[in-house]
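Chemist: My questions will all concern the structure given below.
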C-alpha cells in the first residue's frame with residue numbers, strides 16, 4: 001500500500017504520474033530513409049540520463065537498425081523526458097476526478113477497443129496491473145498487448161495530469177483576464193470528468209444501465225494476415 | 001438489490017469458506033472496513049459506504065448467477081460505474097475471501113491459505129451456507145496423498161542434463177514417494193512422514209517449514225549431513241549457477257557460498273557440489289577432505305584389509321580355546337581405523353585363531369580327500385618357494401601320509417570325528433616345529449601352508465557346489481524343455497482331432513448337399529407332374545430342412 005493520501009486534492013502535491021509507480025509513457029515514431037521505427041514503453045524519470053543513450057544503442061543493436069537511428073531515438077526520449085521534467089516541481093491540483101479512458105489499439109494482429117473509468121486522483125492505481133488482469137481475463141496470450149494497453153493508459157493519464165498543472169496555471173493567468181484559453185483546452189481534450197455528486201451521491205446508482213454495458217466492454221478482434229497488411233499500408237499512407 | 005433477487009437467494013445455498021462467515025448481506029463487517037478503508041473514511045466523493053455495498057452486492061450476485069463459472073474482473077467492471085482501480089480492489093477482496101469464485105476450477109493457482117477447520121453455519125435469512133470444508137481443496141490434498149502413497153512417477157521431473165545427473169546414483173527414479181508439498185520425488189531416507197494426514201513431506205520441505213516456524217535448523221542439518229550423498233532434487237539451474245559462481249569466488253568458505261546462493265543452506269551447497277559431475281575438479285585442493293568423508297566406509301575397509309593381510313605374517317598364537325567365529329572376524333575388520341595397541345594385538349591373535357578354525361571348518365566341508373590334497377599341494381608349493389619350508393615339513397610328512405591313507409576307512413560315517421582329526425592334524429603341524437626348536441619362521445611357513453590349504457579346500461568346495469548347481473540347472477532346464485515338448489505334443493494331438501472332426505463334418509455336408517439336390521429335383525418333378533403353377537415360398541425351406549436333419 002502506498003502511503004500517499006487518497007484525497008490528493010486537499011494538499012497540492014508536486015507533479016508526478018497519478019499512478020502507483022511514477023513511470024512516464026514514451027512513444028517513439030521515427031522514420032529515416034524510408035525505414036520506420038515505432039515503439040511505446042514506460043520510462044522511470046529518476047533514471048540517470050546516461051541510460052537513454054545506452055538504451056538507444058541497445059535498441060538499435062537488437063533491432064538491427066541503421067546507426068542513424070541511435071541519435072534520433074535518444075533525442076526523442078530526451079525531448080519527452082524534458083517535457084515531463086518541465087512539469088515536475090509544479091503543484092498539481094487534481095481534485096477527485098474520474099475520467100473515461102479509451103483504448104483503441106492494434107498490437108500485431110490483435111485489435112482491442114475498450115472504455116473504462118479511471119480515477120485520476122487515485123494514486124494507488126496501477127495501469128500495468130490493470131492491463132495484466134485485462135489480458136488474463138480475455139485470454140490474450142500475446143505478451144505485447146498488456147504493456148501496450150498500460151502505455152496507452154499512462155499516456156492519457158499523463159495528459160490529464162499535465163492539464164491539471166497547466167489548467168492551474170491558466171486559472172492564475174485567467175484571473176488577469178484571459179479566461180478563454182482554459183475553455184479552449186477543456187473542450188479540446190474532451191476528457192470530461194464525470195459528475196461525481198450525481199453518480200455517487202445518495203440518489204444515483206453505481207450500477208450501469210444494461211443498455212450501456214456494451215460501451216464499457218472490451219472488444220477484441222483477431223485480424224488475419226491480409227488485414228494486418230492492409231492496415232499497415234494504410235497507416236503508412238496516412239503517415240506521409 | 002431488488003427484493004426478487006433476495007428471494008432467489010433465500011432458496012439457493014451457496015458455499016463460502018468458513019473464514020468468510022462474517023459476511024452479511026445487510027451489514028458491513030469490520031473486515032471490510034479494515035481491508036478497504038477508502039470507502040469508509042469519507043476521503044472521496046466517489047467512495048462511500050453505499051457505493052461499496054452496491055459494488056459488493058452486485059459482484060456477488062453476478063457470480064451467483066452461475067456459481068460454476070469463474071467471474072472475471074473485466075466482466076464486472078463493464079456494468080459498474082466507478083474507478084476501475086477501486087473496483088478491482090473490491091473484486092480482489094471478495095475473491096480473496098472466497099465470496100466469489102470459490103471452488104471454481106479453471107486451472108489457475110488458488111490461494112490455499114484458507115484450509116483449516118470448518119464450521120457449518122446455517123443462515124436462513126441470508127441464504128448463505130458455510131460449508132464444512134472446501135471439497136475441492138480436500139480432494140486435491142487426498143490426491144496428493146494418494147500419489148505419495150502410490151509412489152507415482154508423476155512428481156519426477158528431472159531434465160536429462162548431465163549436470164542434473166546424480167553421480168552417486170543413489171536414487172532410483174520413480175521409486176521414491178512423492179512429496180506432498182513440493183511434488184518432487186523424495187529420495188528414500190530424505191523424507192519423513194509428518195503427522196499431517198499421513199502424506200509424505202520430503203526433508204527439504206519439512207526443513208523450510210521448520211525454518212519458517214523458527215526452529216533451529218541444526219538438528220535438520222545433522223540429518224542432511226548424514227544424507228549428504230543423496231540427491232537434492234530441487235536445485236534449479238539458477239541456483240546451481242549461483243553455487244558454481246560462489247565456489248569460484250569464495251573457494252571453500254561454505255558459509256559465504258551459502259549466503260551467495262541464499263536459497264540453500266551450507267550443507268545443501270556442499271552436497272550439491274559434490275554431486276555435480278565436475279564438482280571434484282572445482283574443489284581441487286580441498287577435495288580430499290570430502291573424498292574421505294564420502295568413501296569413509298571404503299577407506300575403513302581397505303585399512304582393515306591391510307591389517308588383515310599384515311596380521312597373517314607375524315607369529316601366530318595357536319592356543320586351544322577358540323572363541324571367535326567368522327562373523328566376529330568380519331566385525332573385527334570394520335573396527336575403527338586407529339585402534340588401541342591392545343586391541344591391535346588381540347586382533348592378530350583372533351585372526352590366527354579364527355584362521356585355524358576356518359581352515360578346519362573349510363576342510364571338513366570339503367571332505368578329507370580334498371583337504372589332504374590341498375594341504376599337500378600347499379606344502380609342495382611352499383617348499384618350491386623356499387627350501388626352509390621343505391625341511392620344516394619333512395619332519396612329519398610321513399606321519400601325515402599315513403594318516404591320509406587311513407582317512408577314508410575311518411571317518412566316512414561321522415563328520416564330528418573329521419573335525420577333530422583335522423584339528424589334530426593342524427595342531428601337529430603347528431606343534432611339532434615349536435618343539436623342534438626351529439625359529440619362528442617355521443610357524444610362519446606353517447601358517448602359510450594352512451592358509452593355502454584353506455583356500456584350496458574352499459576352492460574345491462566351491463567347485464563342487466558349482467558343479468552341483470550346474471547339474472541342477474541342467475536338470476531343471478531339461479524338465480522345462482520336456483514340459484514344453486509335452487505341451488506341444490498335446491496341442492498337435494488336439495489339432496489332429498480337430499482336423500478329423502472337420503473332415504467328418506465336411507463329408508457330412510457334402511452328403512447333405514447331394515441329398516438336397518436330389519430332393520430338389522424330385523420335388524420339381526412332382527410339381528411338374530402335379531401341375532401346380534407356383535408354390536408358396538415358406539413351405540419349401542421348412543420341408544427341406546426337415547428332410548435334411
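Heads up, the Cβ atoms here are built off N, Cα and C, so glycines get one too.
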Chemist: Match it up for me: which of B:361-380, B:381-400, B:401-420 does TrEMBL list as region 'Disordered'?
Modeler: B:401-420
Chemist: Mean pLDDT over the domain 'SWIRM' (B:14-111): what is the value?
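Modeler: Over the domain 'SWIRM' (B:14-111), the predicted model scores a mean pLDDT of 81.
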Chemist: Is it possible to list how many residues within the domain 'SWIRM' (B:14-111) are helical, extended or coil according to DSSP?
Modeler: 47 helix, 6 strand, 45 coil
